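Novice: I'd like to ask you about the structure that follows.
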Amino acid sequence: MSSSQSAGASQRLSALSRQFSSTPSTQFEVKKLGVIGAGQMGLGIALVAAQKAQVPVTLVDNSQASLDKGMAFADKLLAKDVSKQKISEEIAKATRDRLKPTTQMSDLSDVDMVIEAVPEIPSLKEKIFAELAQVCPKHAILATNTSSISITRIARATSKDPTDTSASSRVVSTHFMNPVPVQKGVEIISGLQTSPETQAAAIAFCEKMGKVASVSVDSPGFLANRILMPYINEAIICLETGVGTKEDIDNIMKTGTNVPMGPLTLADFIGLDTCLAIMETLHAGLGDSKYRPSVLLRQYVDAGWLGKKSGKGFYDYK
Ligand SMILES: NC(=O)c1ccc[n+]([C@@H]2O[C@H](COP(=O)([O-])OP(=O)(O)OC[C@H]3O[C@@H](n4cnc5c(N)ncnc54)[C@H](O)[C@@H]3O)[C@@H](O)[C@H]2O)c1
């Protein structure tokens with residue numbers, strides 16, 4: 001990065017930090033939320049919003065099977081919290097009653113905010129945001145949970161006319177950390193078009209969900225994955241090139257850096273398809289060979305061994 005680029009980035013960051021540190025008590029209130037994608041992230045976001053922010057949540061997925069699986073998982077998590085006396089049966093029931101699963105995007109016509117959590121495929125996110133700009137109310141915050149795709153690019157998809165920012169100014173990233181019911185952190189990323197009011201409203205809602213927000217500029221991988229994914233990728237390269245076994249790779253990082261799980265286990269939990277997509281975005285966006293995805297990672301994805309969600313990744317989960 002040249003010194004002028006670096007100066008530009010730090011100016012944008014300090015402008016964002018100023019907005020963040022002086023976040024106004026925004027008037028914007030999310031009374032109803034929409035979540036798209038009932039996979040591991042979408043389901044977690046919907047559940048925490050229903051329980052902590054206590055808002056009704058319309059949960060959209062184009063697969064009825066995914067919705068059924070997601071709702072069964074929500075029931076299981078709530079029952080576990082009741083049995084551990086973390087929540088009462090009344091709270092569990094009220095939370096469950098706030099979740100409304102549907103396969104219809106048109107059911108998002110009355111939400112104040114929507115959080116998209118479909119797979120990390122740029123063309124899919126663009127298609128969904130073009131549709132959201134039409135379906136959602138004109139005041140609604142349009143948030144994405146993308147791990148690495150440019151927010152500016154996703155926001156651009158909301159209108160054929162790039163000078164019309166009526167929808168793109170309402171696009172922001174709320175990048176929740178996995179698993180959402182457990183991790184406190186959320187990254188808030190604004191695209192070039194995002195208004196300060198949108199950013200403030202997104203932060204306020206995440207705080208209502210009990211999360212702690214960190215702000216970053218719209219740069220490939222943002223903060224969390226710019227740091228985390230090259231670490232995971234390097235662990236996979238160590239496995240690929242025989243530097244160590246999967247157990248030794250995970251053990252040394254677990255016992256040596258005090259993390260709860262090693263990088264290969266973590267990759268299995270994140271999903272190897274998601275890890276590959278993020279590395280590809282870092283590689284393409286930053287153009288540096290140090291971000292080249294591991295050959296082995298690509299082969300695991302080609303084999304359909306996507307980690308915990310598919311029953312097999314670096315470890316077996318069946
Ligand atoms: N897995 C992680 O650790 C993690 C962490 C932070 C962010 N993310 C990001 O969150 C997003 C979702 O990741 P995930 O791990 O939950 O994926 P996932 O594969 O578990 O779930 C995706 C869901 O989206 C649904 N879907 C696909 N196309 C759809 C469409 N057109 N309309 C409605 N629903 C559709 C699928 O049926 C599935 O239920 C990705 O952008 C990912 O990069 C993932």
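For all residues, glycine too, the Cβ spot is worked out from N, Cα and C.
If you look up TrEMBL, you'll see Gly37, Ala38, Gly39, Gln40, Met41, Gly42, Asp61, Glu120, Lys125, Ser147, Asn178, Lys309 marked as NAD(+) binding site. Feature annotation from TrEMBL assigns domain '3-hydroxyacyl-CoA dehydrogenase NAD binding' to 32-213. Annotation comment: TrEMBL describes 221-317 as domain '3-hydroxyacyl-CoA dehydrogenase C-terminal'. Look at TrEMBL and you will find His175 tagged as site 'Important for catalytic activity'.
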Novice: Look up Gly37 (NAD(+) binding site) in the DSSP assignment and report helix, strand or coil.
Specialist: coil
Novice: Once the chains shown are all counted, how many other Cβ atoms turn up within 10 Å of the Cβ of Gly39 (NAD(+) binding site)?
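Specialist: Its Cβ shell of radius 10 Å holds 19 other Cβ atoms.
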Novice: Taking the Cβ of Asn178 (NAD(+) binding site) as the centre, count every other Cβ atom within 10 Å, in any protein chain shown.
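Specialist: Other Cβ atoms within 10 Å of Asn178 (NAD(+) binding site): 17.
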Novice: Rounded to a whole angstrom, what is the largest C-alpha distance between any two of the residues Gly37, Ala38, Gly39, Gln40, Met41, Gly42, Asp61, Glu120, Lys125, Ser147, Asn178, Lys309 that the record assigns to NAD(+)?
Specialist: 21
Novice: Write out the long-range same-chain contacts of Asp61 (NAD(+) binding site), meaning residues 6 or more apart in sequence whose Cβ is under 8 Å from its Cβ.
Specialist: Ile36, Gly37, Ala38, Gly39, Gly42, Leu67, Gly70, Pro101, Thr103
Novice: When neighbour density is defined as the number of other C-beta atoms within 10 angstroms of a residue's C-beta, which of the recorded positions Lys125, His175 has the lowest density?
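Specialist: Comparing Cβ neighbour counts within 10 Å for the recorded positions Lys125, His175 gives Lys125.
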Novice: Take the domain '3-hydroxyacyl-CoA dehydrogenase C-terminal' (221-317) and count its residues per DSSP category (helix H/G/I, strand E/B, coil), listing them in that order.
Specialist: 66 helix, 3 strand, 28 coil
Novice: Which of the three DSSP states, helix, strand or coil, fits Lys125 (NAD(+) binding site)?
Specialist: helix
Novice: Can you give me the Cα-Cα distance between His175 (site 'Important for catalytic activity') and Lys125 (NAD(+) binding site) in Å, rounded to a whole number?
Specialist: 14
Novice: Would you mind giving the whole-number mean pLDDT across the domain '3-hydroxyacyl-CoA dehydrogenase C-terminal' (221-317)?
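Specialist: Per the prediction, mean pLDDT sits at 97 for the domain '3-hydroxyacyl-CoA dehydrogenase C-terminal' (221-317).
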